[in-house]
Amino acid sequence: MTDTEIWPEKFDGAVYGLTVVITSSFLFYVLGRIAHVLTPASACHSPWRWKNISVSLVHAVIVGTWACLSFYETPKMAEDMIKTYNNSAHTLISFSFGYFVYDMWDMLIYQRNRHSFELMGHHVVIFICFGIAIVTKLYIGYAVVALVIEINSIFLHIRQLLQICRYSKNNSAYRLNSLINLGTFVVCRITVMAWMSRWLLINKDLVPLIFYSIGSVGLAVMTVMNIILFYRLLQSDFIKKNESKKENSH
């Protein structure tokens, strides 16, 4: 028996998924309003960034934890990344989609700059890939694997909040978070994305060409963005820091 492409036979995830997406977007909007009101004095010079990153941190904590629990609840989903799923995982993908809708709206309204447009490109990739999973209820497991990356985002966002509050890079809390951030970056971003690329290549005969193309392009875009981000983190928190220490010692 030869492997054949698995095409969706029905699209019964759309109504429920859309409901969760809309609800999630509204909840993150409310959370953004609350974060804005609770902006600390040390972050008053950059209130929008404080609000935006605080909301992103909440999303990362919820989604990163939820993704791990989804695989714990249904271990078979790790074996069959195409057809196997549970309602919790489907809800997770829709919930996360709603956050990205809110985040793109927030950037379009309040922060239209080069960095924001780079992030919007990432969001568009998410919309396409997660949208396919939500509507068809296929590739749910694959999408949940992608959300494991959010575990690293927790420490990435904490780093940004510490910077906004003007913590020194020599601060013990900042240094500890930088080390954890770099470690989880390697494990939860680089390793996970390499695994996703390998899975897509191995299972290309099961994935319709259009979905395979979308997945490949999406992974390529996110891989380039992550390589750039990893270089910036190394440069900012480790290389430049070591250089400044050497200069001060002379």
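Glycine too: its Cβ is placed from the backbone N, Cα and C atoms.
What TrEMBL annotates here:
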type	residues	note
TRANSMEM	13-32	transmembrane segment
DOMAIN	45-242	domain 'TLC'
TRANSMEM	53-72	transmembrane segment
TRANSMEM	92-110	transmembrane segment
TRANSMEM	140-158	transmembrane segment
TRANSMEM	179-197	transmembrane segment
TRANSMEM	209-231	transmembrane segment
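For the transmembrane segment (140-158), same-chain residues at least 6 beyond its ends with a Cβ under 8 Å from one of its own Cβ atoms are 53-54, 56-57, 59-61, 63-64, 66-68, 70-71, 77-78, 80-82, 84-85, 89-90, 92-93, 96, 129-130, 133, 177, 180-181, 184-185, 187-189, 192-193, 195-196, 199, 215.
Within the chain, the transmembrane segment (179-197) has long-range Cβ neighbours (under 8 A, six or more residues past its boundaries) at 142, 145-146, 148-149, 151-152, 154-156, 158-159, 219, 222-223, 226, 230, 233-234, 237-238. In this model, the domain 'TLC' (45-242) carries an average pLDDT of 93. Among residues of the same chain six or more beyond the transmembrane segment (92-110), those with a C-beta under 8 A of the stretch's C-beta atoms are 16-18, 20-25, 27-29, 32, 48, 52, 55-56, 59, 62-63, 66-67, 70, 116, 119-120, 123, 126-127, 130-131, 133-134, 140, 143-144, 147.
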